[in-house]
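Quick look at what TrEMBL annotates:
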type	residues	note
ACT_SITE	T166	active site, nucleophile
BINDING	R194, V195, G196, D197, T217, G218, H219, G220	substrate binding site
Amino acid sequence: MKPVIVVHGGAGTIFKDREEGYRTGVKRAALKGYNILKNGGSALEAVEEAVVVMEDDPHFNAGCGSVLNEKGDVEMDAIIMDGKNLASGAVSAARCIANPIKLARLVMEKTDHMLLTDRGASIFAKAQGIPEVPGEMLVTDRSRERWKANLKPESNPAVPQIDLGTVGAVAIDSDGSVACATSTGGLTNKLVGRVGDTACIGSGGYADDLVGATSTTGHGESIMKVVLARLVLHHMEQGMTPEEAADAALSYMKERVNGHGGVIVISKSGGWTAKFSTKQMSWAAVTDGQLQCGIYQGENQITTVEEALALLLN
Ligand code: GLY
C-alpha cells in the first residue's frame, strides 16, 4: 500500500493576512506525517505527529493558539483512533499541557478508558510525566483580543463563530492501516466545561481499517447531532467514494441542523478527499511524493515533496 496523509487546519473563514500562515502550517504538518509513513512508521504515529506540529503552531485553534472560554482560560479537546483494532483515546477540557493529542494517545494506550476530562485528565497527565505548562503559554494576543471583544455588551452571541479552527489528520500506512487524530481549543467564549465534537468518538473522528478514516472540523454542536465522522464512514460502507461520502454527510448536516464544517477522509484503498461547506478550510495531502494544498473551494496547489521542503526551509 502506498502511504497517504491528509491534514486540515480547520474549517471556517480565514482572514486574508493569515492565509499564508495556514498554508505553511498544514504543509509542514503533512510533510512531517508523510516522512514518518515513508520511513515505515504507522498511520497512528503519523497522525499524532502531524497534529503536534499544528498544536505547536499559534495560527491554529489547538494547543498554543487555542481560543479562550468565557473565563479567559484555555480548555482543549482531542481524540486519536487506531483503525487496526478500533482503539481510541480522548481528552476533554484539558488544561495546561502543550499537546493534548499526546495525552489522548496515552489514554488509549495506558488506561482501560476512552475519555478523560478536566481534573481527571490533569491528574493522569501528571502521572504520565507530561510537563505542565503555564496556561498563559497557550494564549496568543489574538485569542485574548477575540475573547475580550466577545465580552463587550454589543457583541451578539447569537452570531455563529466563523473562524472555527480545529486541526486534524488521517493517514494510511504501508500495511494498509488507517488512523485519525483531531485536536481543538473549541469555540471562543464557550461555557466553562463545554465539550465539543472533537473529543467524542464518531463525531470528531473515526478510523476503521475495514472502511477508512475521517477527521472533522466545524461547529461542534452540529457535528455531534449528526455524528459526522461515523456518518462519512457509513456512506463509504454503502459504496460511496470518499468524495461522495464527504459531500453527502456535509449536505445532511447543513440540511438537517443548519450546520457547517469540513472533513478529511481516507479510504481503505488509499483514496482521499478534503471537503468543506464553509467558505474556507486549510488542508494538505501528501501521496506518491506529491504535496497538494488548498484553502478555498476548488483550490489545489500541487508541488513535489522536494519543492515543498525547499520552500519551507527557506
Ligand atoms: N469542532 C470544534 C468544536 O466545536 O469544538
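In case you wondered, yes, glycine gets a Cβ from its N, Cα and C as well.
In this structure the residues listed as binding substrate are R194, V195, G196, D197, T217, G218, H219, G220; their two most distant Cα atoms lie 16 Å apart. With a cut-off of 6 Å between Cβ and the nearest atom of ligand 1, the recorded positions T166, R194, V195, D197 reduce to T166, D197. Under the three-state DSSP scheme, G220 (substrate binding site) falls in the helix class. The sparsest Cβ neighbourhood within 10 Å, among the listed binding-site residues (G196, G218, G220), is found at G196. Each of the binding-site residues R194, H219 was scored by other CB atoms within 10 A of its CB, and the lowest score goes to R194. On a Cα basis, R194 (substrate binding site) lies 15 Å away from T166 (active site, nucleophile). Residue environment of the residue listed as 'active site, nucleophile' contains 34 other Cβ atoms, counted within 10 Å of its Cβ in all protein chains.
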